[in-house]
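Visitor: Below is a structure I'd like to ask you about.
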Amino acid sequence: MGLGVKATPFTYAAHALAAVAAVLVLVWCVHFRGGLALEAQNKNLIFNVHPVLMLIGYIILGSEAIMIYKVFPKLNHDTAKLTHLILHAIATVLGAFGIYCAFKYHNDSGIANLYSLHSWLGIGTISLYSIQWVFGFVTFFFPGAAPSVRRSALPWHALFGLFVYVLALATAELGFLEKLTFLESGGLDKYGAEAFLVNFTALVVVLFGASVVVAAVTPAHVEEPRGYAPIPVS
């Protein structure tokens, strides 16, 4: 038996929270952290590209790919599948570039790479995300598996996709925690505006991710309970 609710309100909530999260991470990186750059004397500007791309380009775009079937339930299936594929591809590329920016910042600043749980999970997540995309492309798009194989693979594809998505959310939360801890160790006021903003952004991302997951597992339309039918009106 389903949850008795449809996905639509959760997709609305997810889009609203995505907009709030995007604005907050931009305010943090541009207003509080000084801006974005791919080349700069101030290496922190290079790092700032990392959280922006990982949240907006990777998690939010990936969320749109997950919800496409629920946001547009009447969309032609092949069109929805292609949109799902393209959005995930863009999210993967932007996520990989966001990780590159973190490596570049570390290398340019003389900081060691891959020493934290956040970095380990980040590499693992983007790798699983890429494998998931390739599997989906080969199985459901081109060359495409036999219909029986696609039917068997679809629930596992959806389940593994949600697992990777939740892993990405967890990695993002660790990233917020790690960066804020470093900043506070360097003298940032633990109760100041920036610290509050980072914690609030992380909280919004949790609520956003929860909305996406619920939207993904609830039906686009609520079906009548088995054995029941509307009472006819004479």
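Note that Cβ sites are derived from N, Cα and C of the backbone, with glycine treated the same way.
Below are the features I grabbed from TrEMBL:
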DOMAIN    13-217  domain 'Cytochrome b561'
TRANSMEM  12-33  transmembrane segment
TRANSMEM  53-72  transmembrane segment
TRANSMEM  84-105  transmembrane segment
TRANSMEM  117-142  transmembrane segment
TRANSMEM  154-176  transmembrane segment
TRANSMEM  196-217  transmembrane segment
Visitor: Looking only at the domain 'Cytochrome b561' (13-217), what is the model's average confidence as pLDDT?
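Guide: On average, pLDDT over the domain 'Cytochrome b561' (13-217) sits at 97.
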Visitor: Count the CB pairs under 8 A between the transmembrane segment (53-72) and each of 12-33, 84-105, 154-176, 196-217, then give me the winner.
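Guide: Between the stretches 12-33, 84-105, 154-176, 196-217, 84-105 has the largest tally.
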